[in-house]
Amino acid sequence: MFKGSMPALVTPMKDGAVDFATLEALVEWQIAEGSHGLVPVGTTGESPTLSHEEHEAVVAKVIEVAAGRVPVIAGAGSNNTVEAVRFVRHAKDAGADGALVVTPYYNKPTQGGMIAHYTALAEAADIPIVIYNIPGRSVVDMTPATMAALAALPTIVGVKDATGDLARVSQTRMACGPEFIQLSGEDATALGFNAHGGVGCISVTANVAPALCAQFQEATLAGDFATALALQDKLMPLHEAIFVEPGLVGAKYALSLLGKCSEDVRLPLLGLSDGTKVLIKDAMIHAGILG
C-alpha cells in the first residue's frame, strides 16, 4: 500500500501566502524524479501555521496534481480529537489514499487516551490511517502494545516511526504482525530501519534529493545493501545539514538553491543562519545535486 521514498512535502510560500503554482510544480517534479508517494501538510509542510482552509486546500491540490500516479497520505493530525476528525474526513472526501495522524502533542494523553483518539478517527472516516509516533515533538511515546491494540482496527494500517530506536521496528513487527506498515520518520537511520523490516521513509531530505532517496529506498527494499550504503554515504551530510536548524527551513533553503521554491517560512520559524547555509550547500555538492 505505502512504501519507498515519500517526501514530507514543504508548503511553498510567497508574500506570506501559500504558493499553489509552485506547489503544483513541486509535485510534478517529485513524481518525475521517482518518489513513491507524497505526504502534504505534516510538520515539514508547516501544518502548525496553516489555517484549516489552507491545510485542506494544500491537501486537495496535491491530490489533484498527483492524479493517482502515486499515493497521497494527507497530514491530518491534531491534539484535539474533534479537529483531527475534521482533517481525516476531509482527506477521505478529497480522495487521499491515506491519512497521517500524529500522536496528540502537548496535552500528554495516556496510552488509553491515544487508543480512544485513534479509535474515534477510525470510526469517523473509512480511510487508511498511519500513526505518526514522534515522542521528541509530541512528548508521548506510543508503545508497541498500544499500537497492536490499534492495529486490530481495519483502517489503522501502519506507523511513521520517528523514535530513532531501531529495535522498535522489530518490537512493533512482533506486536502488530508483518503486514503492519512501518515507515521511518528519520532520514539518517532509514537504512537500518528497513534492515529491521521497515518498508519506506516519509522523508524531509527527499524534498531536495528525490531521485537519490528513491534509489536508496529501492535498493534497501531489494536487499541490495551495498548500493544502499553507497547512497547513504552520499546523502548523510545532507540529512545532517538540513536538521542543524528546523528541517523544513533547511529543506526550503536547499530547494531555493535548485530554483524550485522560495526560502519563505512563517513565524515563529526564521530563515537559516549563514553558517547553516554553507553546510547545506556543501552537502548538496557532496551528494551531486548542486554544481
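Easy rule for this one: first residue shown is 1, then count along the chain.
The backbone N, Cα and C atoms fix where each Cβ goes, and this holds for glycine too.
The structure displayed is predicted, hence computed values, not measured ones.
Annotation source Swiss-Prot lists site 'Part of a proton relay during catalysis' at Thr43 (among others). Counting every protein chain shown, the Cβ of Thr43 (site 'Part of a proton relay during catalysis') has 20 other Cβ atoms within 10 Å. In the three-state DSSP reading, Thr43 (site 'Part of a proton relay during catalysis') counts as coil.
Other Cβ atoms within 10 Å of the Cβ of Thr44 (pyruvate binding site), summed over all protein chains shown, number 24. Residues or ranges marked as pyruvate binding site in Swiss-Prot: Thr44, Ile202.
If you look up Swiss-Prot, you'll see Tyr106 (among others) marked as site 'Part of a proton relay during catalysis', on the strength of sequence analysis. Classification of Tyr106 (site 'Part of a proton relay during catalysis') by DSSP places it in coil, neither helical nor stranded.
The annotation active site, proton donor/acceptor is assigned in Swiss-Prot to Tyr132. The C-beta environment of Tyr132 (active site, proton donor/acceptor), restricted to residues of the same chain at least 6 apart in sequence and closer than 8 Å, consists of Gly42, Gly77, Leu100, Val101, Val102, Thr103, Val159, Lys160, Ala162, Gly185.
Of all Cβ atoms in the shown protein chains, 27 besides its own fall within 10 Å of the Cβ of Lys160 (active site, schiff-base intermediate with substrate). Feature annotation from Swiss-Prot assigns active site, schiff-base intermediate with substrate to Lys160; the stated evidence is sequence analysis.
Counting every protein chain shown, the number of other Cβ atoms lying within 10 Å of the Cβ of Tyr106 (site 'Part of a proton relay during catalysis') is 9. DSSP gives Lys160 (active site, schiff-base intermediate with substrate) a strand state. Listed in sequence order, Met6, Pro7, Ala8, Val39, Gly42, Ile73, Leu100, Lys160, Leu183, Ser184, Gly185 are the same-chain residues six or more apart from Ile202 (pyruvate binding site) with CB atoms under 8 A from its CB.
You'll find the Cα of Tyr106 (site 'Part of a proton relay during catalysis') roughly 18 Å from the Cα of Thr44 (pyruvate binding site).
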